[in-house]
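Okay, so here's the structure we're looking at.
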Amino acid sequence: MLALPCAVSKARVAAAASIPLGTGILLGASLFCLVALLTFVSCTIIVRYAAAANVCSYGELVTQKFGRRGSILLQCAITVHVSGVMVGYNVIIADMLVGSAPNFTGMLPTVLNRHDNPWWLARPAVLAYLMVGVVCPTLIPRSLRAVARFSSFSVCMLFVLATAIAGLAAAAVAEGRVAPGVHLLPAAAALGPSPFQMLNNILTVISVSALAFTCQFNLLPIKHSLRGPSPNGMLRVLLLGLALCAPLYATVAIKGEHPGLGQGAKGERAGQLGRCLPGAAYPWWWGGLAWGYALFGQGVEGDVLKDLTVRFVSGLVPRTTALLVVYGVALSYTLCLLANFVLKVWAVREAVVEMVVQRPAAHLPPGPFYAITAALVALAYFISVLVPSIYGLLALVGATATVVFSYLFPSLLVLKGGSTGAQRAGAGALLALGAAMSLTAVYDHLTGQGLE
């Protein structure tokens, strides 16, 4: 979710200089709505085909329709996706609590007045404290019900973040300090110098947005946890979830640049704490979109919280209030990400175990169960220590692994199921979009054009 602003406001082209680009509010919001619609379509396919096949998991459905090889491909895609998100969570936490070189202006160095990056306050050390002291103890229970309450807690923390950004943006608007780069429509030159580059940049936005909406591999377990589970009941839950999450994500998705944080401040800002959320200010239903856009511009980093710094917020509210806002957001969102990290470990562990031994992880003896859990946490930790920015990672994951379980298999289910001509045409279009997203992401990274 925190990479959405970068996707919408900072697509780059491979010119002599990397030129910051922006989709504008209208095009960005339209692409965002398109991804939400595609998510609902793909989820509907999974739920209805699973009900017809009388299976309880996405993996079982794919195994039944496409055999063992199809199931392995699905589980590999889920594993790569969830692992990438876990790494992203750790990078964001380290950005907020420690910051980046050379300034290290995160919350902890600022509070302790230690910006010299001592080993005990470095990013690897702080992440290690959290993995050992918070994450590992919460992974001891073997029942998902024991940690399910973390999900609602994380949503509450997201609302804290969105509320803080909306409040700051309102203060900026009231003072007439809206960023000069805010625009409704993109100029043709802003999307790219050629039709191919324009399409490439648009597909990049769709890829990161698709990553924010991924829920396909959790659908069927959630369905069977409902009272009186039914396809229609699950789809109503899905609609409600999209209706709640889409506006919240939109508040974090489109941003502009504050006049006081222009390109000259970008190097210093790169190591600072926090990031902000986007918004649009026109029709009421995308009011959140322009909130963050009014604060920041096209110089956005790969995760949105890095822009929300004490220095920046102090220009809008008194310094004491700025400290409370920035540190409150940092702490609340750290707890949110840790809670989600625990839930992601459950998801990736299930995928790995089902892929290797073809049975649920809950059926494993305690030794293998906790060994796999510890290995997954350790792997996410070590990779996150080595990854400086999450945007390139999330863009590639969103356009490859996420495409497999979000677009590829749902499309193939329809194409193989002997549906109507219109349904098959729609499935073909969904499949083509997924293929285009994957090809452009791989092309960008091979040619060095991917966002960082």
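All residue numbers here begin at 1 and follow the chain in the order shown.
Even glycines carry a Cβ here, placed using N, Cα and C.
According to TrEMBL, the feature domain 'Amino acid transporter transmembrane' maps to 23-254 (among others).
Sequence annotations record features per position, and here TrEMBL assigns domain 'Amino acid transporter transmembrane' to 292-417 (among others).
If you look up TrEMBL, you'll see 26-51 (among others) marked as transmembrane segment.
Here TrEMBL flags 72-99 (among others) as transmembrane segment.
Under the heading transmembrane segment, TrEMBL lists 119-140 (among others). Among residues of the same chain six or more beyond the transmembrane segment (119-140), those with a C-beta under 8 A of the stretch's C-beta atoms are 90, 93-94, 97-98, 108-109, 112, 147, 150, 334, 338, 341-342, 345, 373-374, 377, 381, 384-385.
Sequence annotations record features per position, and here TrEMBL assigns transmembrane segment to 152-174 (among others).
What TrEMBL lists as transmembrane segment is 202-222 (among others).
Here TrEMBL flags 234-254 (among others) as transmembrane segment.
According to TrEMBL, the transmembrane segment annotation covers 324-347 (among others). Outside the transmembrane segment (324-347), and at least 6 residues removed from its termini, the chain residues within Cβ reach (under 8 Å) are 78, 82, 85-86, 89-90, 92-93, 96-97, 106-107, 111, 130, 134-135, 138-139, 144, 147, 150-151, 153-154, 157-158, 160-161, 164, 167-168, 217-218, 273-274, 305, 308-310, 313, 317, 373, 376-377, 380.
Summarising the annotation, TrEMBL assigns transmembrane segment to 368-387 (among others). Residues of the same chain lying 6 or more positions beyond the ends of the transmembrane segment (368-387) and with a Cβ under 8 Å from any Cβ of it are 83, 86-91, 94, 123-124, 127-128, 131, 135-136, 139, 142, 341, 345, 348-349, 352-353, 361, 393.
Among the features that TrEMBL reports, transmembrane segment is placed at 393-415 (among others).
Taken from TrEMBL, the feature transmembrane segment covers 427-446 (among others).
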